[in-house]
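J.: Please find one structure pasted underneath; my questions will follow.
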Amino acid sequence: MPKSFSHYLQKLEVNHGDGTSGEDVYLSNHDLQPIPKENRIWGKWTYGLFWFGECASVTSWTVAATGVKAGLAWWEAWICVILGHLIVALFMTAIGRGGAVYHLGFPTLARSSFGIFGSLWPIFNRNAMTIIWTGVQGVTAGNSIYVMLHAIFPSIAHVPNPFSADVTMTGGRMIGFVLGWLLTLFCAMFEVHKFRKLIMVKSVLMIGCLLAFFIWAIVEAKGVGPVINQPAQIPAGESHAWVFLTQLFIQAANFATFATNNSDLTRYARRPNDALWTQIIGMPVAFGVVGFFGIFVTSSSQVIFGEINWDPNGILDAFLTTDYSPRRRAGVFFIGLGFSFAQVTTQIFANLIAAGNDTAALLPRYVNIRRGAVICLVLSFAITPWNLLKTSFTFTSYLGSYQIFLSSIIGVILCDYFWVRRGYIVVPNLFTRDPKGLYWYHGGVNWRAYAAYVIGIIPCLPGFLFQVGVKSIPLGARRLYVFALPVGIIVSAITYAVICHFSPPPGGVMIGWQEDIDSDLILSGEDAEVKSFGEDTTPTKGGSEEKVMQQA
């Protein structure tokens, strides 16, 4: 007898845990549930070193470039890098708190504020950007691999080019892109908690690569180059203070994505505070160190090649173009190998972990983190990112401007966790469609969160439109957009707090800090320890645990 289609669909289902059945299989699987205790192995050093490894990529190498190009002196641009990343580190660490305490990722925790089904829109937003960024950064990884291969095979520079002149991709670089894609696919097969050792290896390797590149460039240039001695050159009509502030918040906005889903990483923490100070301090320090090296190396490129080159892949390839000697080929190969390794692992930590969690939350019955990462990689190839980059101004401006939508999500989640819930999450209620659950709200959607989300977007929306090409926007609106990250967070958080004060959500607004730091709650298996509403009563303003049971 032929097997039915439903039989084959059932074969595709992922592990949901022993305690999940019925309609709730559409809300839960093993990867969405709290991380088992034996997999919570990321300690303070892991999170501290994580940022040294994460920022040591080709993309992060040029973080100080924007400030220097805008007219700031190198040391002013460098201060913007440090302070900007300190700002985003504070928001990022705060939103990761729930993950560190309850060992849940961003998609699951978003259900507590936006609702069981209301969370799907924030998840989709984050996932769509992750797919695009995976493709864009995949192109960068491919360029690093191309440079490494160019040091071995000179003929790769002459591979027939099937691409048009307005595309940065070439035949040789396409080889690098495909190899990088396949290597990233291989890395995506491993479980996330096992990347702890990879983080440490990457940190040590990249510090060595940075030092080697720095020393080589200084020796070749016989000095540090002109950028170091160049004073601030503020464009006519702009104030020095305004340019500084603009660059400061550009640095902060660059990591709005990490500030949204940091709980995808903090959920692997041994203890909640392991992901606290080492992130707040580690992130700005790491980016400050890499930005410092980047400034000196690119400044030296002016002396070596006669023009400034802010792209480290471009500098390495230029070394080969001007002198293809064995010494230079060896140096370029090993530094290119380090950058290739850095870019591939950056893909994992910056994009694929988030994409895996997000896609698993959108299709939990059939997708886990591993499958979600593979889906992201396939889609990132399908969108042909090299074609997206050829429309450089509008598209890259859109990518950088997407902070306006993510900031409102951050504000709602922060306010819900720290002010409304006071750290109290009833984990089993995150995985049920029972109307009596805390996070069902109205049909699975928390209208309060969506009202605050929309209101948080409105102030900076005109500035966003200007960034993507609409010209008839007043100067004041354009300048307000510079502060889109803090404005969106603050406005949406205050709005959500006010709405919840006058219209309390199920359970009301908590009184006193209620974070369950010692909880080892899991949802399935022999050791399952699931709290019910009747086990305890948490004091609230405007509601109680008993009242929640009667609310639809």
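Backbone N, Cα and C define each Cβ position, glycine as well.
Annotation source TrEMBL lists compositional bias 'Basic and acidic residues' at 543-552. Here TrEMBL flags 532-552 as region 'Disordered'. According to TrEMBL, the feature transmembrane segment maps to 75-95, 101-124, 131-153, 173-192, 199-219, 276-297, 330-349, 369-389, 401-420, 450-468, 480-499.
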J.: Where, among 75-95, 101-124, 173-192, 401-420, 480-499, do we find the most CB pairs under 8 A to the transmembrane segment (369-389)?
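T.: That would be 173-192.
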J.: Near the transmembrane segment (450-468), which same-chain residues lie under 8 Å Cβ to Cβ, leaving out any that are not at least 6 residues past its ends?
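T.: Residues packing against the transmembrane segment (450-468) from afar: 114, 118, 394, 397-398, 400-401, 404-405, 407-409, 411-412, 415, 474, 477-484, 487-489, 491-493, 495-496, 499.
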J.: The transmembrane segment (75-95): which same-chain residues, six or more beyond its ends, come within Cβ distance under 8 Å?
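T.: Residues 63-68, 232, 244, 247-256, 258-260, 262-263, 275-276, 279-281, 283-285, 287-288, 291-292, 295, 410, 413-414, 417-418, 485-486, 489.
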J.: For the transmembrane segment (401-420), find every same-chain residue at least 6 residues outside the stretch whose CB is under 8 Å from a CB in it, and list them.
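T.: Distant contacts of the transmembrane segment (401-420): 91, 94-95, 97-98, 109-110, 112-114, 122, 125-126, 129, 253, 256-257, 259-260, 449, 452-454, 456-457, 460-461, 463-464, 467-468, 481, 484-494, 496-497, 500, 505, 509-510.
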J.: With Cβ-Cβ distances below 8 Å as the criterion, list the same-chain residues six or more beyond the ends of the transmembrane segment (101-124) that contact it, or say none.
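T.: Residues packing against the transmembrane segment (101-124) from afar: 27, 31-35, 40, 260-264, 267-269, 272, 354, 357-358, 360-362, 409, 412-413, 415-417, 421, 423, 425, 427, 430-433, 437-446, 449-450, 515-517, 519, 521.
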